[in-house]
Amino acid sequence: MNLETLGFTTYFEQQLEQLRAPFATKALHVGRVVLEHKHMYRVITEQREVLATVSGSFAHEAIAREQYPAVGDFVLIEYMDGEDRAVIHALFTRSSKFARKVAGRDIEEQIVAVNVDVLLLVMSVNDDFNIRRLERYIAAAWDSGAQPIVVLTKTDLCDDVTPFIEQVEQVAFGIDVYAVSVVTQHGLAALISRLTVGKTAALVGSSGAGKSSLTNALGQNEHMQVASIREDDAKGRHTTTHRELVVLPSGACLIDTPGMRELQLWTDSDSVGASFQDIEELSEQCRFRNCTHANEPGCAVVEAREQGVLTEERWQNYVKLQREAAYLAQKTSRDAQLAEKRKWKQISKGLKKKKR
Ligand SMILES: Nc1nc2c(ncn2[C@@H]2O[C@H](COP(=O)(O)OP(=O)(O)OP(=O)(O)O)[C@@H](O)[C@H]2O)c(=O)[nH]1
Ligand SMILES: [Zn+2]
């Protein structure tokens, strides 16, 4: 598998020399993480597939969880002699990142996939069709750095997809919409033509939206099987797992991880704004620059709502997402402050000990 097929674009190539420099005496290879085990990574290189762990100094320098490799990452690895094992020495800077909130008191980011170029927002045209949910996904996509694409599935189940596409286009500015059916194959070729060599795509969408069916339809005759990998666990039992990054016959890579499938919002106010450009544009027409769109005179947002140009549902969803983004921003900075405080406590404790 050559590096280009693995999605190693000029963005990553440009980092190579600098990243390699500190390891001049080592024979390093570029690889891509296709699966994350506990403290172990399945990595594909031009030559082979290996199981890799991070080096001691890598672990020493990685403080936050997000500094560890994730599915989709490019890494510099060193093969271990005579085994299909390797050591990860360095991580390439990511082009995009998907994270979710981890349940618990502290809000921690858990990375679910990285280096995704195209995010396929999968939604069916039957009972799963939900414009408000789509708005959330679009905000998350812009936030990550990936380009969103809407994929409406199961078109064979409705007589006319036009009204669905029109509804989507009203909330998805500048985003391409594809309507497909895996039953009739309708629209698949057009979607596949977007998934070319060097691109990495990922799927999000609710349960039953048709993600697995779509993956199978896109992955026919694939080079790198979605098929299971047999391995032995710590107790010597055979287990099977799946690669979470595969190369499609069209040449693109496809990431499909459980975390990605149930992606939640981890977003900021800017990306909410990016997916509600109509509201941002209206705000600029308000008489007062710091208009809260509540009851100020000359408010363009209120006017648009009254005239029905801006629907009540869309406005409410915008307010809700902004509130969530504000809450997260506040919570994150408070957690960061507390962490900083703890760190200095540790340091001053250490100093006191030394003095004694
Ligand atoms: N009629 C029709 N049914 C479809 C189509 N695509 C998927 N389905 C059906 O929809 C159901 C759900 O599809 P899946 O591909 O399993 O959905 P999913 O998004 O992977 O669901 P999770 O695995 O729960 O996340 C299955 O019964 C599929 O057979 C389609 O194009 N047309
Ligand atoms: Zn206003």
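Positions of Cβ are set from backbone N, Cα and C atoms, glycine also.
Feature annotations, reproduced from TrEMBL:
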type: DOMAIN; residues: 105-263; note: domain 'CP-type G'
type: DOMAIN; residues: 114-261; note: domain 'EngC GTPase'
type: BINDING; residues: Thr153, Lys154, Thr155, Asp156, Gly205, Ser206, Ser207, Gly208, Ala209, Gly210, Lys211, Ser212, Ser213; note: GTP binding site
type: BINDING; residues: Cys286, Cys291, His293, Cys299; note: Zn(2+) binding site
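Contacts of Ser213 (GTP binding site) defined by a Cβ separation under 8 A and a same-chain sequence distance of 6+ are given as Thr153, Val182, in order along the sequence.
With respect to their backbone Cα atoms, Lys211 (GTP binding site) and His293 (Zn(2+) binding site) stand 39 Å from each other.
Nearest to Cys286 (Zn(2+) binding site) in space, judged by Cα atoms and limited to the binding-site residues Thr155, Gly205, Ser207, Ala209, is Gly205.
Closeness to ligand 2 is met by His293, these being the binding-site residues among Thr155, Ser207, Ala209, Lys211, His293 whose Cβ falls under 6 Å from the molecule. Set side by side, the binding-site residues Ala209, Cys286, Cys299 differ in how many other CB atoms lie within 10 angstroms of their CB, and the most is found at Ala209. For Thr153 (GTP binding site), the count of additional Cβ atoms within 10 Å of its Cβ stands at 28 [all protein chains shown]. Note on proximity: among Thr155, Gly205, Ser207, the binding-site residues of the record, the Cα nearest His293 (Zn(2+) binding site) is that of Gly205. Under DSSP, Ala209 (GTP binding site) is assigned to coil, being neither helix nor strand in the three-state scheme.
Neighbouring residues of the recorded Zn(2+) site, listed in sequence order and excluding Cys286, Cys291, His293, Cys299, comprise Leu282, Ser283, Arg287, Phe288, Thr292, Ala294, Glu296, Gly298, Ala300, Val301, Val302 (Cβ within 8 Å of the Cβ centroid).
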